[in-house]
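> Here Swiss-Prot flags 1-34 as region 'Disordered'. The compositional bias 'Basic and acidic residues' annotation in Swiss-Prot covers 1-10. Sequence annotations record features per position, and here Swiss-Prot assigns compositional bias 'Polar residues' to 13-26. Residues or ranges marked as FAD binding site by Swiss-Prot: Glu83, Arg84, Gln85, Lys86, Gln87, Phe88, Ala89, Trp90, His91, Gln102, Val168, Ser466, Leu467, Leu468. Among the features that Swiss-Prot reports, substrate binding site is placed at Lys107, Asn293, Glu294, Val295, Phe296, Asn323, Ser469. As annotated by Swiss-Prot, NADP(+) binding site applies to Ser254, Gly255, Gln256, Ser257, Arg279, Asn323, Tyr324, Ser325, with the evidence given as similarity to another entry.
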Amino acid sequence: MEPVERKLEIGSRSYSKMPLTQQRSSGEPPRLKATPKDELHDLLCVGFGPASLAIAIALHDALDPCLNKTPNSNWQPKVCFLERQKQFAWHSGMLVPGSKMQISFIKDLATMRDPRSSFTFLNYLHQKDRLIHFTNLSTFLPARMEFEDYMRWCAQRFAHVVSYGEEVIEVIPGKTNPSSTLVDFFTVKSRNVETGEISARMARKVVVALGGTAKLPKELPQDPRIMHSSKYCTTLPAMLKDSREAYNIAVLGSGQSAAEIFHDLQKRYPNSKTTLIMRDTAMRPSDDSPFVNEVFNPERVDKFFSLSSAERQRSLTADKATNYSVVRLELIEQIFNDMYLQRVQNPDETQWQHRILPGRKITRVEHYGPHRRMRLHVRAVKDEKDSLVGNGKETLEVDALMVATGYNRNAHEQLLKNVQHLRPAGQENWTPNREYRVELDPSKVNAQAGIWLQGCNEQTHGLSDSLLSILASRSGEMVNSIFGGEFAGTTVPDTTHIRAML
């Protein structure tokens, strides 16, 4: 019998040198159509982070005849993505040297939806000629830096339909026929972050995927030396420029970002004093055990969505240790080892170069200008029985305070303020259905128009909503929800006459 290796070699050098997906896509025309500003778009996405990028990929794949047996060959969607950043970036401020992903590379932007896609992480490695080298790492967890590069690689394929440096400022309902009672499109206004120029684009369907905004405790004043963890790698080095200087730096928080920053500071500024302040009594390990990890399975969204409000809240609380205020065990052990070595040298913790203050909170910050250190007033928090958890009060003088206290995910509320009157009577919140489509009054909005929310639906769709885990499968659901009729061959109405309305 002929060896399998020999069979693969015969007449098929491309099998080992170039995947079929690359052969198919290398010379293919763009499947998403760049559209002039004054034309009506089929889809406009506000934000071009991982969620919108996954939608672009899913839509591209849905139009690929090699992957989809029944695409409407006569239809090419008019789409646009507006992104405030000047280029694609994913948590650029937290690309800490040595940091790894916390999920398997198989949960990339395409594999779980269709592993034949040319946008898989494995195909990225192949295109970069690193597949065998990555395999030799024997890991499912790539470096965070590499995974961001993978997403940049994907994003480059859609550069023709993305307008970077455009900050969306409002969404306004519109009517093709002014005498009609039904809204049938939305005008999306954006501001160029460099020139301030205002642009307007119209779209039948709008996806709002803004991501999170930095959450800062109200006790903290406005001061450039107080910065969110999302700016750690980009802003702090520009402010504290001398890596040999003996700075005093504090970190606030008890989750993965806080731990990574605290650990990295000790290498980035080896002569500096660092202090980690946390309300919790200790760093707690994240639970990524197999059964618990099933909470991030795509089908669990259906189960979570079907629960009552009270049941959803209980579920979120029960699974909190998978994502909130927790740290990977490997990093906890590294930090504990560092603390132990200090204890060997000096049992007095107050004299340590690097300290952890558990059970504490910052109550007040004194700041007197850029040339004097800030003074942090720290005291012990109280538990449910009104008992002190930490050890009383303490004052710290610091050159910088890194705040790793998470993100708010409510930016869509201000953006959609002009659409509020279209919600069903008596509904005060932005309520998405299972397909992430916002519930709007059908007596006011045409079924052809709609708004979808991404990354802000944890209360209705579960813990995975703002994470990468289900992006691949969810993006397929989104494309089906938004464009299902077009893929089935439904006639798409001619909208070129709307151009004159802008």
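Placed from the backbone N, Cα and C atoms, the Cβ positions cover glycine too.
On a predicted model such as this, the values are computed, not experimentally measured, just so you know.
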> Just to be sure I understand the packing, how many Cβ atoms besides its own are within 10 Å of the Cβ of Gln87 (FAD binding site)?
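So the Cβ neighbour count for Gln87 (FAD binding site) comes to 14.
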> Can you count the other CB atoms that lie within 10 A of the CB of Gly255 (NADP(+) binding site)?
21
> Say we define neighbours as other CB atoms within 10 Å of the CB. Which of the binding-site residues Glu83, Glu294 has the fewest?
Glu294
> Going by C-alpha distance, which of the binding-site residues Ala89, His91, Asn293, Glu294, Val295 is nearest to Gly255 (NADP(+) binding site)?
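Among Ala89, His91, Asn293, Glu294, Val295, His91.
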> Who sits close to Ser257 (NADP(+) binding site): which same-chain residues at least 6 apart have their Cβ under 8 Å from its Cβ?
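Sequence-distant Cβ neighbours: Met94, Ser229, Tyr232, Ala404.
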> Can you tell me which of the binding-site residues Ala89, Val168, Gln256, Arg279 is spatially closest to Val295 (substrate binding site)? Compare CA atoms only.
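Closest by Cα: Gln256.
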> Filter the binding-site residues Glu83, Gln87, Ala89, His91, Ser254, Arg279 down to those whose C-alpha lies within 10 angstroms of the C-alpha of Asn323 (substrate binding site); answer none if the list is empty.
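None, since no candidate lies within 10 Å.
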> Between C-alpha atoms, which of these binding-site residues comes nearest to Tyr324 (NADP(+) binding site): Glu83, Glu294, Phe296?
Phe296
> For a quick check of understanding: given the listed FAD-binding residues Glu83, Arg84, Gln85, Lys86, Gln87, Phe88, Ala89, Trp90, His91, Gln102, Val168, Ser466, Leu467, Leu468, what is the maximum Cα-Cα distance in angstrom, as an integer?
31
> Inside 10 Å of the Cβ of Phe296 (substrate binding site), count up the other Cβ atoms and send me the figure.
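Here the count is 21.
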> Write out, in the order they occur in the sequence, the residues of the chain not among Lys107, Asn293, Glu294, Val295, Phe296, Asn323, Ser469 that have a C-beta within 8 Å of the mean position of the C-beta atoms of the recorded substrate site.
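Apart from the listed residues, the neighbours are Ile103, Asn297, Thr322, Leu463, Ser464, Leu467, Ile470.
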> Ranked by the number of other Cβ atoms within 10 Å of their own Cβ, which of the binding-site residues Asn293, Ser469 ranks first?
Ser469
